[in-house]
Every structure is written in C-alpha cells, then in structure tokens.
Amino acid sequence: MPRTRTPLAAIVLAAGKGTRMKSNKAKVLHEVAGRPLAYYPVKRALELGASPVVVVVGHQAEAVEAALSAALPEAPLRFAVQEQQLGTAHAVLAAKRALRGYRGPVLILSGDTPLLRAETLEAVVSAGRRARAAVSLATMTLEVPRGYGRVVRDARGRPARIVEEKDATEAERAVREVNAGLYCVDAELLWKKLAKVGTANAQREFYLTDLVPMAAQAGGVAGVEVPAEEASGVNDRVELSRANRVMVGRLAEAFMRAGVTIEDPARFDCDEGVEIGADAVIEPNVRLRGRTRVGARTRVGVGAVITDGVLADGVTVNPYTVISEAQVAEGAILGPFSRLRPGADIGPEAHVGNFVEVKKSRLGKGAKANHLAYLGDAEIGAGANIGAGTITCNYDGERKNPTRIGEGAFIGSDSILVAPIEIGAGAYVAAGSTLTDPVPAGALALGRARQVTKEGWVAQRQAEKQMKGTATGPASARKGRPAARRAS
C-alpha cells in the first residue's frame, strides 16, 4: 500500500473497558492472530503514512501503552490519556495536546476494528480530498443494524447527521446504513467544532457524531461505504473469535498466493508476523506463533505447535512436535512427538525423534537422538548418536551444569550422564551406564554393575516354594489324618 504524500495524522480510540468482553483485561488488549486488537488500526494508519499516530488510552492505560510500544517499537506513536470515559468526542479531545501545531487531515479510528485494510482508510481520506469536504466518514450497510448509529442523508444524498440508536425515532431505526466509526477531519475544524459538542442525548455523553451536522453546514460531508466485515467492531468473545478466524484466513490466503501449500486453511492457525517460505507444506491443525519463520521446502506435520521458532529450508517437522524459541538448520528431521525448548539449536541433517526433549542444547551436523531422551545444557558433536533413554543430569539442585559430547561419540541406551561431564570424540558409552567422570576420546566407558547369571535358579526356586507349601499344609494333614477328597 503506497503511503500518502500529503500530511496525515491519526487518532486511535482505545480507552474503553469493554464490559461485554466480561474480562479483567482491557478490550483492546484481547488478541486477534497474536496481536492486541488496537495494534491493527494503529498499524494500518502507519501503513498509510500517518505521523504521528496518537493512541487515546484510559482503562488499563499503562498496559495498553506497553503492549503497543512493544509491538511497534519504531513507530511514531504518542499516547494521550482520557481519565474519564465521557464519550467519543471527549476521547478525541484528549488527543488535542499531542497534536499541537499539526495542520492537515486527521484520521480517527476505533481501537477495536482489527479487520480494517489500509486501502479502506485510503478511500476515506481520498473521498474528503476529492469532494473538498470538511469531513469524510465511512458507512456500512447491515441486515440487522442493532446497536449502531444510523446515517441520515440530505436531499442530495450526502450524510447530514448520525443518530445513535438510543436517540433514534422508529423511522430512523429502520435505516440500515450505519456509522462505521471511521472519520477523516481537518484538524482546525476538528478542534473548533468539538468545543461545541454537548451532552443532549440519551446517554449524556459527548458524541463525536455530533461533528457531522456541524461539518455539513461548514463545508459538507463525504460518505464512503466500506465492507461491513472490515469496519465492524469487536465487542464480545464471539466477535473476537470471528475476527480472529477472518484474520487468520487472510494470512493463509496470502501465504498460499506466495507459493505455500496449506492443506486445510480452515484448520490452520498463525499469528500476524509469521513468515513461511515458498514450497513449504503446512498440514492440518498446525499453530505458528509469535515471530516464527518457516523456511522454503519445509514440511510441518499435523498438530505441530511452533512459537518463536526459526526453521531453515528443507526441515521436516513430523506430527505433534512442539517448538519454543529454538532454531533448526537445513535438512533436520524432528518428531513425531519431540519437544524443543528455548535455546535448542538443531544442526543440519540432525535427527530429534519421538519423545526427545532438548533444552538449551546444540546438536551438530548429523547428530541423532531418535527416541526417549532428555538433552539439557548440552553440546553434542557432529555425527554423535544418543541412544534411547539417555538423560543428561544437568541440574544439581542449585545450578545447571553442561554436558559435552564429542563428534562421532556413541551413547548407549539408558545412559545417565551426570553433569558437568565430557565425552570425547569417538568414545563409546555402554548401555545402562551412569557416568560421573570424563571419558577420553576413543575410549569405552562402562558405569554399571557387572551382570551375574545364576543357572538353574528358576527350577531351584520353584522346588523351594513347593517344599515350603508342603511344610505349611493343613493341620489335619500334618497330624496324619486322612485328607479330604474331592468328588470326581
């Protein structure tokens, strides 16, 4: 989306509590595709070239400010506080100081409209310029317009006023064209007219919509109809879920058009900001979170969950693998049912198999841990083999200790490596060993008790049991009385 070449500022209204969410968290902090609701209108305004963007905060102001600053650290954001939520006009007035000295159009958006596209904002801004109107506003047509302010047009078909539902007559309530809550207003007119807005309405609030009849007299109002899906706000958990599904659907479509195979878009879930390379294949029920990057030709299997993971080209992620803050090099094979925890670094062509957990450890090229192992705080050399059931005992109750396994080393099944410990290159560790001392390169280490085999033990034990049973038989039998016979 090309940025506008003329000055443009924006105000995003994000002060409300959102009581219908029934949450202790401010409404605009609830997430769609991994981002706070307010992130999206702010980002769209930035994409259009708005600078500055003033976010009006109120309920949980510090949390909202922190979330947006973290999500958009380089953006020209300013924050204004609306101490009391007295209406939309009052909220816009709270931004006046932050825009002191600015002259030009001001885009005003609601913080709970995540589905707005930058093209839609551009249409609203451009409509005002083309019509030389003091105000341009977005409208939408709804089959059931309950809860929205109705747009009343004049004889020439231009927006003349907006009537909130609680103040509307029966005839006005029948109107299906409603206010979308998106405006572009000249800054000078905005501050001048807002000072005249009163509270003569059913809610006793300062309505921003009162600006429309004032602007109609001052220089006209341009109306732009926009898709209802984009402009509808999120007010409860049902609408939040719908918005999330639409946003994820848009992301899936963009990936597919860029050469990614998503086998079932309806069962695909990802966050805004995820990257996927061409010819990657994403199987059903995969979840990609945070800043995850999936390389070209990588295949992610059913049920995998990846959060802030970096996967190179040609990686195979088998079903139900969980990856968090880890990186995987080209050609590596993971899973099924493997877990990479923060700090895991899997080298090229390495294998991490089923029920293997890796934390803060690096596997070199071609290293393999194919089954049932825990590798924590470990450095594993290229070509090393980690047998099933191997554990690095990295925690001594006070600190984490490292394990180093050299290139080409072979660790037998069910081995316990008590850190800190180092296994040299090419060394062998016998299955079932518990090791506490270093193993030199090329050596064989055995850390288990010697096997003892007792031939004939089973027969001897059975004979002893039989003799014991005879010695402890019924008292009558021991006294020489005839034993009772069973009828045949």
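Note that the numbers count up from 1, one per residue, in the order the chain is shown.
Note that Cβ sites are derived from N, Cα and C of the backbone, with glycine treated the same way.
So that you can see what the record holds, here are the features copied from Swiss-Prot:
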type	residues	note
REGION	1-237	region 'Pyrophosphorylase'
BINDING	13-16, K27, Q82, 87-88, 110-112, G149, E164, N179, N235, R341, K359, Y374, N385	UDP-N-acetyl-alpha-D-glucosamine binding site
BINDING	D112, N235	Mg(2+) binding site
REGION	238-258	region 'Linker'
REGION	259-488	region 'N-acetyltransferase'
ACT_SITE	H371	active site, proton acceptor
BINDING	A388, N394, Y395, S413, A431, R448	acetyl-CoA binding site
REGION	459-488	region 'Disordered'
COMPBIAS	478-488	compositional bias 'Basic residues'
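Note on the region 'N-acetyltransferase' (259-488): its mean pLDDT in the predicted model is 94. Cβ contacts within 10 Å of D112 (Mg(2+) binding site), excluding its own Cβ and spanning all protein chains shown: 27.
Inclusion criterion for the recorded positions G111, D112, N235, H371: a C-alpha placed within 10 angstroms of the C-alpha of A388 (acetyl-CoA binding site); this criterion is met by H371.
Taking every pair among A388, N394, Y395, S413, A431, R448, the residues recorded as binding acetyl-CoA, the greatest CA to CA distance is 22 Å. When the Cα of L13 (UDP-N-acetyl-alpha-D-glucosamine binding site) is compared against those of the binding-site residues D112, Y395, S413, A431, R448, the shortest separation belongs to D112.
Across the region 'Linker' (238-258), the DSSP tally of helix, strand and coil residues reads 20 helix, 0 strand, 1 coil.
The separation of R341 (UDP-N-acetyl-alpha-D-glucosamine binding site) from R448 (acetyl-CoA binding site), Cα to Cα, is 31 Å.
Around H371 (active site, proton acceptor), the C-beta neighbours below 8 angstroms that are at least 6 residues distant in the chain are G353, N354, F355, V356, A388, G389.
DSSP assigns Y395 (acetyl-CoA binding site) to a strand in the three-state reduction.
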